[in-house]
Amino acid sequence: MRTFLKYVFGLFVIFFTWWLLSYIINSDLILPRPPLVLKTMALELMRLGVLDSLGSTLLKVIVVLISTVTVGVFIGFIIGLNETLCNMFRPLILVVQAIPIITWLALVMFIWGIGWTGPVVVSILSLLPHAILSTAVGIQTTDRKLLEMARVYKVSRKKVVKDIYLGSILPQFLSAIQVIFGNVWKVVVVSEYMCGDNGIGVLIAWARQSVSVEKVYAYTAIIIIIGLTVENFVNRFIKNALKNWELV
């Protein structure tokens, strides 16, 4: 109950600050008032075109998350087990991680043009290095004494992977999931804005061109609300799954 009250109080502070600043600035072209944005949100959510765009963005986010986590954990697990492979591929992964999103956007537009593929590819390339490195670090920091004891007592490979390796990468994995989930919405929407043909990012681009500032804020608020809601659901799901798996 206390957590809920703190959450409600936080929302109240945000809306009050927003309302106060909009009153001081007194310009809907810079900071529209909360009632105007909320009204715009309600009207936009009743449009089929907006719902279709929202579904497109959500589908991209799901594809990016599944691809990033699956490929990232797989590659990170492999290179984490082999120090030579890790030393070979680490510089390449760091280079990919350091490349700005705008560079990926430019390259993707040259290769695939405007469409559905570009935002997905850009988002995966932007988030994948973090998933790989987090998993690799978790594997490399596995307690060697536990591995030695497992060998001495002839513990099955399945149990070694589940109870030792996965238990070791768990903190880094959960941290990576939180970082990736926190960034995936931003990366996907920015990519849609630059090279997408459908999605919330495209709607924001159209709103900018028509100088509909309240729509820009409304679409942004929609993404924030959905992102935070889904993130909270995923965090609870992961915790419950881990409890059932007897890892926490």
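Cβ from N, Cα, C; glycine included.
Just so you know, TrEMBL annotations are computer predictions that nobody has curated.
Keep in mind the model is a prediction, meaning the values are calculated, not measured.
Feature annotation from TrEMBL assigns transmembrane segment to 7-25, 58-80, 92-114, 120-139, 160-181, 216-234. Among the features that TrEMBL reports, domain 'ABC transmembrane type-1' is placed at 54-234.
Taking Cβ pairs closer than 8 Å, the transmembrane segment (160-181) reaches residues 65, 68-69, 72-73, 76-77, 80, 127, 130-131, 134-135, 137-139, 141-143, 146-147, 150, 227, 231, 234-235, 238, 242, 247-248 in its own chain, all 6 or more past its ends. Cβ atoms under 8 Å from those of the transmembrane segment (120-139) belong to residues 60, 63-64, 67-69, 71-73, 75-77, 79-81, 86, 90, 93-94, 96-97, 99, 101, 104-105, 108, 112, 165, 168-173, 175-176, 179-180, 183-184, 187-188, 191, 195 of the same chain, restricted to positions at least 6 beyond its ends.
Within its own chain, the transmembrane segment (92-114) is flanked in space by residues 121-122, 125-126, 128-130, 132-133, 187, 190-191, 194-197, which lie at least six positions past its ends and keep a Cβ under 8 Å from the stretch. Within the chain, the transmembrane segment (7-25) has long-range Cβ neighbours (under 8 A, six or more residues past its boundaries) at 31-34.
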